[in-house]
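S.K.: Could you have a look at this structure, given as structure tokens, before my questions?
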Amino acid sequence: MFASLARALFGTANDRSLKAFQRRVPEINALEPQVRALDDAALAAKTVEFRQRVAAGTTLDALLPEAFAVAREAARRVLGMRHFDVQLIGGMVLHAGRIAEMRTGEGKTLVATLAVYLSALSGRGVHVVTVNDYLARRDAEEMGKLYAFLGLTTGVIVPNMPDDERRAAYQADITYGTNNEFGFDYLRDNMKYRIEDMVQRPFHHAIVDEVDSILIDEARTPLIISGPAEDSSDLYRSVDTVIHELVKTPEAFEKDEKFRSVILTDAGAEQVEAMLREAGVLIEGGLYDIHNIAVIHHVQQSLRAHTLFARDVDYIVRGGKVVIIDEFTGRMMDGRRYSDGLHQALEAKEHVEIQQENQTLASITFQNYFRLYPKLSGMTGTAMTEADEFAEIYKLDVVEIPTNLPVARKDDDDEVYLTAREKYEAVSTLIEDIAKTPQPVLVGTTSIEKSEYLSELLTKRGIRHNVLNARFHEMEATIVAQAGAPGAITIATNMAGRGTDIKLGGNVEMRIRQELAEIEDPEEHARREAEIRAQVAEYHDIVTKAGGLYVIGTERHESRRIDNQLRGRAGRQGDPGSSRFFISLEDDLMRIFGTERMGGMLQRLGLKEGEAIVHPWINKALERAQKKVEARNFDMRKNTLKYDDVMNDQRKEVYAQRREYMAADDLAATVQDMRTDIIHDMVARRIPERSFAEQWQSAELAEDARGILGLDLPIADWAREDGVDGHAVTERLEQAALQAQAAKAANFGPSVMRYIEKQVLLTTFDSVWKEHLLALDQMRQGIGLRAYGQKDPLNEFKHEAFQLFTAMLDALRLRVTSTMSRVEVAPPVLDNPFAGVAELHADPHVPGLASEPAPGLMTQPVGSYGAATADIAVATPIGASAIMPDDPSSWGETPRNALCPCGSGKKYKHCHGRMG
């Protein structure tokens, strides 16, 4: 009661925010007459003036009224559109680093131009983030005309662009692109080997369109750049054959749809074990024995593929490939793959070619990528329901912008049926009735399967209609643009983020582009254009009189936002419209999250075949169910972020250090420091503090010096000298290593030596980081089990992640030292050190990275000191044969106390020497 009274007296937080922005609107409007009086050249020259003032110390906030007035006038002249007052408020909200919630059709694209123009005056670049490539290209092309008029440059990032074009696009004042492209460019840049090869510049301001889709719906989706791992195609097929039979027995597994999880029962595990043994997959031991852990993993992923993932709902098979469907937008997600072997399990299930598994080389979530921007803002039609999450995770406040005209849409109460069949029959009947009028209909479904089922029902009734789902995504823009034409009936999977407004009467601009594309005669083109415009205007009046767009939802989504986005397709810019949702007790939301009380009450009402119940109480109950789901999903995203933040802190440190290495001209001191640390570790390990020479492990230390430093030193003789202690041995090792490196540098020449040092550092860094990511991922998967031991999994993860990070840095120092001690340069490089030089090592599976090593830089893996074998490029001494870790015949005579050439880190006598 007190909260209601306070709102009545002081207004809501949103009202107070709006008032603060509204105070500046008259100031902008007052400048309009004098700005309109400027000719085109004088108006464009304002940009130069503004930039000079910013350089002189004027803040962007102080420039806002003038800059907005100039941008509004330029839009009027170039685009034929003038910003409304509410759009000015939207621009201010974006400039303030907040989220502007604007209803569909209120001109979000135009609103963004105000904040984009103002931020671009700083000269530091603005990134405008869209949900798909079509929108990025469209907005860059259309709004680019406005920016060009004002003297600003515009770039657009699309897939498969060469790096030179990407770099040019990022150097532009304004850069359009999808969230995927921006994120992948960030990861690729941090895998480059030269600063000048990077494409992005330091981040400044990102304005995210459909911000809820990107920062909420896709928050837990990591962007991953991966390289090939070992091929397990045969194992996937064998396991799939077993699981295909197993899922016919419901008692063999337990499925939890609410949490999207499935496990084998004891009976199921016994059945799988017997079937795998019969198939020859399980050769020894039980299913859960440690040496069969890979088989368990394949079984679990295959079980998930068969029980939790449905064809035409979660994915489709297209062109012999399994393509993921975005659960929020219904679009195909080409290029994306499920990780951890799940995608391969789906390929085995669908009997298509199984692609090779990948190992993560670099990854980041959208949550952490967008938090890299010093300034972040966004816009969407539906954000208020997730305002708490935006505030808590991104520190972004949501401001609801009032519509320019009152919303005239009529939202009817839901109709609830007992079965899905009755529900779809009722929907078909309603569409059949509306089809007798000019009123257009948009029907929203939750999957391809359901959209095609409804399409069949309408076809049987002889009702003409269009279907928009992932199968027909090429026709998306055309279908959506004409969904408001008289009599149009459109069935669409999730309409979220479609980006094209449904205009009553049809989209005149798109019709002109499509129908007049091949007409070259100017007079004929003008005549036909006038006819189309007149016809669309007539159609607009017809549809308006018929009641506007009728939106039908065939199922409630887990998120209220998706429902609101579907409703919001009707009633844009004050147009009339209607919406109604049809629901059944068999729908996923009702079946999984609905209350037993609701189902019991509907059963007691004794509904007959085809009857529905319509009551506001039902709507409230459904909203409560949706809120429960939203709260659960928020908790899951928040929990994921806590773990991801641990890795994110490490990622930022690694990328910053790597960038320092790339930018440095001379890394000799860094390499020397690493070598010194390794020598200190070696000596401390073999010569205990305050020990006698008889207690030293002199032979082992000599082997370490040979294996790691490439030095054959008389350490046993040193031990017999008077007055020699561990410190003296350390100094002698350091001096010997320094002299060896100095001799190499003199032999190679300074330029080649500096080049090799940088390449060895970068490639080794990439190698240990890749292994570290794998270790973190494996630890993350099992860390939740620590809760059974009364330990906090998050604290355990933080502690062990730090230990792994420390071990990674130790491995980096070791491998760099070992590699630099053995690297040699073949004669062709000595003659011409930079002839055809490319990166020493780069993964050929990472787009945009060089994959050929420099001519003459040969490779030989080296043994490690307490770490895994290096997989980086080092050189075999000239005249020596290469030692191959997997080929014992290439090892020659190996001393029994030396490190094993296989790279295990063990002594030869305890490794392959023992087996020999």
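Keep in mind that glycine also has a Cβ here, set from the backbone N, Cα and C atoms.
So Swiss-Prot lists the following for this protein:
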type	residues	note
BINDING	Q87, G105, E106, G107, K108, T109, D501	ATP binding site
BINDING	C900, C902, C911, H912	Zn(2+) binding site
S.K.: Whose Cβ, among the binding-site residues E106, D501, has more other Cβ atoms within 10 Å than any of the rest?
M.R.: E106
S.K.: Looking at the binding-site residues Q87, T109, which sits with the largest number of other Cβ atoms within 10 Å of its Cβ?
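M.R.: It comes out as Q87.
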S.K.: Quick check: which same-chain residues outside Q87, G105, E106, G107, K108, T109, D501 lie with their CB within 8 A of the centre of the ATP site CB atoms?
M.R.: M102, T104, L110, V111
S.K.: Tell me, how many other CB atoms lie within 10 A of the CB of G107 (ATP binding site), whichever protein chain they belong to?
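M.R.: Counting Cβ neighbours of G107 (ATP binding site) within 10 Å gives 19.
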S.K.: Give the helix, strand or coil assignment DSSP yields for G107 (ATP binding site).
M.R.: coil
S.K.: For K108 (ATP binding site), what is the tally of other C-beta atoms lying within 10 angstroms of its C-beta?
M.R.: 23
